[in-house]
Amino acid sequence: MGARASVLSGGKLDAWEKIRLRPGGKKKYRLKHLVWASRELERFALNPGLLETGEGCQQIMEQLQSTLKTGSEEIKSLYNTVATLYCVHQRIDVKDTKEALDKIEEIQNKSRQKTQQAAAAQQAAAATKNSSSVSQNYPIVQNAQGQMIHQAISPRTLNAWVKVIEEKAFSPEVIPMFSALSEGATPQDLNMMLNIVGGHQAAMQMLKDTINEEAADWDRVHPVHAGPIPPGQMREPRGSDIAGTTSTLQEQIGWMTSNPPIPVGDIYKRWIILGLNKIVRMYSPVSILDIRQGPKEPFRDYVDRFFKTLRAEQATQEVKNWMTETLLVQNANPDCKTILKALGPGATLEEMMTACQGVGGPSHKARVLAEAMSQATNSTAAIMMQRGNFKGQKRIKCFNCGKEGHLARNCRAPRKKGCWKCGKEGHQMKDCTERQANFLRENLAFPQGKAREFPSEQTRANSPTSRELRVWGGDKTLSETGAERQGIVSFSFPQITLWQRPVVTVRVGGQLKEALLDTGADDTVLEEINLPGKWKPKMIGGIGGFIKVRQYDQILIEICGKKAIGTILVGPTPVNIIGRNMLTQIGCTLNFPISPIETVPVKLKPGMDGPRVKQWPLTEEKIKALTEICKDMEKEGKILKIGPENPYNTPVFAIKKKDSTKWRKLVNFRELNKRTQDFWEVQLGIPHPAGLKKKKSVTVLDVGDAYFSVPLDEDFRKYTAFTIPSINNETPGIRYQYNVLPQGWKGSPAIFQSSMTKILEPFRTKNPEIVIYQYMDDLYVGSDLEIGQHRTKIEELREHLLKWGFTTPDKKHQKEPPFLWMGYELHPDKWTVQPIQLPDKESWTVNDIQKLVGKLNWASQIYPGIKVKQLCKLLRGAKALTDIVPLTAEAELELAENREILKEPVHGVYYDPSKDLIAEIQKQGQGQWTYQIYQEQYKNLKTGKYARIKSAHTNDVKQLTEAVQKIAQESIVIWGKTPKFRLPIQKETWEAWWTEYWQATWIPEWEFVNTPPLVKLWYQLETEPIVGAETFYVDGAANRETKKGKAGYVTDRGRQKVVSLTETTNQKTELQAIHLALQDSGSEVNIVTDSQYALGIIQAQPDKSESEIVNQIIEQLIQKDKVYLSWVPAHKGIGGNEQVDKLVSSGIRKVLFLDGIDKAQEEHEKYHSNWRAMASDFNLPPIVAKEIVASCDKCQLKGEAMHGQVDCSPGIWQLDCTHLEGKIIIVAVHVASGYIEAEVIPAETGQETAYFILKLAGRWPVKVVHTDNGSNFTSAAVKAACWWANIKQEFGIPYNPQSQGVVESMNKELKKIIGQVREQAEHLKTAVQMAVFIHNFKRKGGIGGYSAGERIIDMIATDIQTKELQKQITKIQNFRVYYRDNRDPIWKGPAKLLWKGEGAVVIQDNSDIKVVPRRKAKIIRDYGKQMAGDDCVAGGQDED
């Protein structure tokens, strides 16, 4: 039965069926396992034919072995099956799969040992690479001398990485893609990968933070060994070495290849992946548990969402496998879940998706119900049919195999791919437009009611690759209808395409049957049918194993009008099969009419239809020109005439070709382009001559009529319809559609590039010494062959292209230099851009300047020093293309300088891979930079300019780093490596900038070159507050409606200033306030702002800005000696900030609280905070906060809890147990503050209670616990715990709950909050902790207007301070004071010292309390004896 069953024959099949699947198991290998393995190999794009030999199996195992560690269970099963099959082929006697795997491992070990021995004997470089200690992956390889060398990461890899980030952003797929692309990379390579995506600053900052944390952890775990490093021994890497910031490439290679190795690349990669995981979690916050299939959601869409989320989950592969096996089925909708459970636990994903195809929604339910009802009423129907009531009632039929009598879900046959209704792949049954199942229709072989014809040679060039089954000598009637309609002579035999299953109606023994024409089957097998004559029993190998059949000989069968006599087997086959024994008799052949180019299938965007744009009127000469052009195109088969049945239309027009009287046809495909699917551009950019290697022989070819040589998808052609109108509507318009790729259609470039690559691939493989650069229809062909041999190869290439329908006209075949290619002029040893002529005009339009800038940009890649900034300034604003623009003096000067530069021709040289790349950058001023990339001084590979300003506020160092990144990225694309940079900036300046500013942990290798003007930082901010300098608290406020605002400052020295502003914003006022502070301060100043916006601008140390106020701030900063800038959060009661905020807010901030309403509502939905907490946290008026609480249905149960209780000693706690949902919750309340601690305990025992009290005492200062008389509180365990923790235990009055009033009321409050959040948590213990959090930190009120959490901390802190103060007071009372009053020179006293300050003391003399300056007081210790007289206050007792 087919090719897959013929992998083993004879004795090998017997041996195969004796091998057990598991050691000691009952199940053995069967033929179905080979069929499964063949299908799996096809799925993984491996040739199933390899299974037929031992060598083939060995090749498959080599391919699969590398994927075993990370692969799915299916891959492992496939490997096991192939390993067992290999043993059968090699006649190795094995009893089960495990024994087969052991044998394979033994063979591989022996083979490896032999290889290593051979390598040791020969000492060959190639053999050395097989050593396990050497990385066989890039970028560290071993050269012929045995040295470890670094092979740079390829530009293709880097381009792939850039595209991954651009396409996927930071979705879960990024992590496996990064892991695969960075296999074996060094830290330098990894940093290169990070650098080229450095534009994603937020993500890179997160990544940097993770790397820094991991590096710090590494340093802590791996401390530096004391003493010097022994000679010849490498130092141990630090965290920053692993991150590549403080280590050289050679050091990294040394660590990675030492014995034992330190895999710094893998360690750094692991850190990066940790960071990427955090980024992915931020971008994809959905949990796998939340992925559930919607009631009508297709199973395929659900699976896509499931696996996308699964990739983002942080779990091991085993856990992910478990999630796939369990959650995928568990979270499916009920309809799919029923089917999936019926499939059993071992079902593959493909089987699940096939089984669940078309499931879901009302149509599916109706169908299932109809099938169930038809099954239930079968017997009744049979009785009624006998009576003649229901003649010809339809029996139920299986969607899967087409047989009657059972349902698809009960079908034993293998699940059929494609739609269960029409048999076609590419859609599900629920989306099928056919009314009945196609694979049971009599005319399936000829779906359009006509036969396929052999295409003519011209048509074949433009038709899709097709595979057809032809039955020779059939009757004419089947094909003539279609032939007559199209007016084409057809062959007389039917042709059956293989785009669908080739099912035809055959007549056997006078009965009609649907049967599959199977050229892979030896025998003809039919399901149960009554045939005349004798039969013999027989066993045949089928798809599901062996089946028993009856063999009838010499049976007449009629297929497509042809008769044959042969053997027919009758048995329980899932599908009727006509095998080769009958097909050969009727002359049936399998034909492969290969069209030169396979068409690429194209579709419209989902839910869209083709364009229906009316044709606009055309002049007579344009209509005539278009008619002639279309006649020629029709003759060449490029377009096809169509009738009115095509409803689509796209407008067409004509323009005259440049410098010619000939016309050119243009079709406006703008509308079709909007509706066509998106395409992936196969080529990311154009090749650059600087990246070409110098070649002896070069040829440049052009492909003629490039697009018109590639066929368009047949199903899509109808959408390209256009109409050529007639003059004065004399006749209906002539309608055409394209057979080939149209000019101007969005899909043409991508499809052409893809087709061209496929066509050139065999030539490139056959001739590796020839380099072909391909961009659209331009081909550059270079080689180091002699010119004669080279030209022979060129002719071979032209013939190869011609076979595929591509012509290379002699007119554009360039054999001698200079070669004109892609806008460049190529010479044997140099290149330049094609000559550029700058126009000289009296007046310039916008269009003229745009073209001029384009030419200058093109020239800048080899002419150094080109500038366009002033010319670009002329184009600012929305201007029409024809508007006249006067040139400014600066623009005229810039244009004149550019003319001078372009006067002398400049050439670039070609790339030499053996030499280093060097990039040198010079500053041109006004934010413009020029650079040269060379390998030898004064021989530039290419030049360029950089003038892009990425932000409104910048400085030269920042622009220089952006230019470096741009040049590095450009170099990676062209040469696959970064150059060494020579920059006009001193190391000290660079370091000062980079230590403070953000970096992606990678700075390219560079050196200082003294090329004026040098880059410098014009000012530097201090990192610590300046001692002795005045501190300015600055703030600004603006009203959004009136645009009025205020800016001002207050200082720590009592100064303050406020200015009123008009037409301003909050951000401008914040900057204006900083400017005021800088204006009014001395040479050194501390400034404190609450604006992150202003802080961000100034901390980046800009030296130029588009904002006038920022430029004024920069001028002030340059004049200062020292400036310290700090930030504090706004509205948090911070001294000076609060004062200046009140100062600038008066009369301005009226509606600013509206900003906080949304955030407050969001927080209330999560925590159900009370109105005081929201008013405080979000700056809301009480009425607004109360309204939010009033609109919440969960907060309206019993009103809001009353707050405010007696201020008791801060050491007293009340404890109680309460019950909820059948569980016990123990609650402890801090009486003074209302702060609670609670948790669910397993039992109300003394042991659990004692443990809770000890936990409480470990967190807070507990002096007294007040409890009721419950047995758990009066237990010995609790008494022991209280004794140990020095806690006094008090008991309430029996049967009087009021003695436990505080904790009782808190129990009610806690249960109320639990009720509000219960649905957010799965378990009660989680809800309890959520409720504790909300009560302690999200509810404010009572003493001080604090939350309970703030209040307990404040009370404990106050208690400590009070005790400390009390100690100080006690000490102070041991002193006496003698003092002089006013101008009286007589000392008085002794008085009692109450308080001692910096400038004065407070004393009590008799009953009077006085304040005396320190200079007029003498403080002495009281020794218990009274001083004798007023003048006896001698110095020995003096305190100061």
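Just so you know, glycine gets a Cβ as well, placed from its N, Cα and C.
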One of Asp678, Asp702, Asp848 listed by Swiss-Prot as binding Mg(2+) 1 at the site of Asp777, Asp778: Asp702
Given ranges 195-233, 936-974, 975-1013, 1326-1364, the stretch to which Swiss-Prot attaches the annotation region 'Interaction with human PPIA/CYPA and NUP153': 195-233
Same Mg(2+) 2 site per Swiss-Prot - residue from Glu1070, Glu1162, Glu1163 joining Asp1035, Asp1090, Asp1141: Glu1070
Correct range for region 'Interaction with host AP3D1' (source Swiss-Prot, candidates 12-19, 556-563, 1260-1267): 12-19
Stretch carrying zinc finger according to Swiss-Prot (options 63-104, 1155-1196, 1281-1322): 1155-1196
Matching range for Swiss-Prot feature annotation, region 'Dimerization of protease', among 254-258, 409-413, 494-498: 494-498
The annotated region 'RT 'primer grip'' range in Swiss-Prot, which must be one of 819-827, 1026-1034, 1251-1259: 819-827
Env. residues of Mg(2+) 1 site, Cβ within 8 Å of mean position of Asp702, Asp777, Asp778 Cβ: Leu701, Val703, Ala706, Tyr775, Met776, Leu779, Lys812
Residue from His1164, His1168, Cys1192 whose C-alpha is spatially nearest that of Asp778 (Mg(2+) 1 binding site), among the binding-site residues: His1164
Counts of helix, strand and coil residues, the DNA-binding region (1375-1422), according to DSSP: 3 helix, 33 strand, 12 coil
Residue from His1164, His1168, Cys1192 whose C-alpha is spatially nearest that of Asp777 (Mg(2+) 1 binding site), among the binding-site residues: His1164
Cβ neighbour count within 10 Å of Cys1192 (Zn(2+) binding site): 13
Counts of helix, strand and coil residues, the domain 'Peptidase A2' (513-582), according to DSSP: 3 helix, 41 strand, 26 coil
Cβ packing number for Asp778 (Mg(2+) 1 binding site), 10 Å threshold: 19
Reduced DSSP assignment, His1168 (Zn(2+) binding site): coil
Residue from His1164, His1168, Cys1192 whose C-alpha is spatially nearest that of Asp702 (Mg(2+) 1 binding site), among the binding-site residues: His1164
Reduced DSSP assignment, Cys1192 (Zn(2+) binding site): coil
Tally of residues which DSSP labels helix, strand or coil - the region 'Interaction with Gp41' (7-31): 7 helix, 2 strand, 16 coil
Packing count at His1164 (Zn(2+) binding site) (other Cβ atoms within 10 Å of its Cβ): 23
